[in-house]
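Undergrad: Below are the structure tokens for one structure; questions will follow.
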Amino acid sequence: MPVLAPDAESETGIPKSPSEARRSEAMEELEHTCPQPRLTLTAPAPFADETSCQCQAPHEKLTIAQARLGTPADRPVRVYADGIFDLFHSGHARALMQAKTLFPNSYLLVGVCSDDLTHKFKGFTVMNETERYEALRHCRYVDEVIRDAPWTLTPEFLEKHKIDFVAHDDIPYSSAGSDDVYKHIKEAGMFVPTQRTEGISTSDIITRIVRDYDVYARRNLQRGYTAKQLNVSFINEKKYRFQNQVDKMKEKVKNVEEKSKEFVYKVEEKSHDLIQKWEEKSREFIGNFLELFGPDGAWKQMFQERSGRMLQAFSPRQSPSSSPTRGRSPSRSPSPPWVFNKASPPSSPKAASASLSSMSEGDEDEK
């Protein structure tokens, strides 16, 4: 009987056989070869059936606290998130982002249910399963896509894909005869909750389309789709096409109104500029007018100067007192005979003749 090494004992205290000891040592020496998270985003995420995890190292169970501390260091934490992902939108992307960032080193696997399962348990979808698979492959947070994912997660499925944790919103998801399809995952300590994005969901988008069905039907008719493709009756097709023509006319009228408003606005701007320039010119004109014709203007000064010159021309200055007088009395300056006394004009022809006779006598006396 071969002698066993002292440390080659099983957990129950029974010595291990040489083959078991060698197998145990080999398992301890195995390194993890699990796929690593994608570092480059130049290609879509692979499908699980194309690159499944072939790691032979033991996949030890982790707690959430350990995973958040970054352990194990030799492999990523494998997080699983599943759903229908119909009409893939920002709410889906945000949920996957949260699942991806739950732990320092996460590898995100996303399971997408097939059309058969979805139509059976939830209802008809807008996108078929192939379109939904491809939508997930092109999300930056996804490392691997699992096609035809199960509706309820089984231990075999979790073991096959070496899943550490399952990420989903914490609202109980009742389906397939269960009050919460994630109940057993929560009890096993493998459930990690994410937050829903309010205001956006696949049901909300479908509700908008149904509510505005006429608008979208007219839109697609205008883009070249046939009434048969849209499942529209002959009468509704004519009605939608007529409404499209009316909308075109309204758009033309609207464009004309906008152009008219723009033209009026430009005219108003130019009118404002013209009025402003006219006011400036009018102020300048009035200032020049007052400067020329005002109370102290240049025209008054010029008129006064010319009036003075005319007065000087009509009434020259008297001769100086030292000029010869021809024997006239220096104290008396004779007045010409044709100048009448303005203070006492003659009141009658007789008085005028008497005045003239007295003037002639005076002249004779002077002679």
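Placed from the backbone N, Cα and C atoms, the Cβ positions cover glycine too.
Keep in mind that TrEMBL annotations are predicted by a computer and have not been checked by a curator.
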Undergrad: Checking feature assignment: region 'Disordered' per TrEMBL, candidates 1-39, 118-156. Which range matches?
TA: 1-39
Undergrad: Report the DSSP secondary-structure composition of the domain 'Cytidyltransferase-like' (80-208) as helix, strand and coil residue counts.
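TA: So the counts come to 45 helix, 26 strand, 58 coil.
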Undergrad: Quick one: mean pLDDT on the domain 'Cytidyltransferase-like' (80-208)?
TA: 94
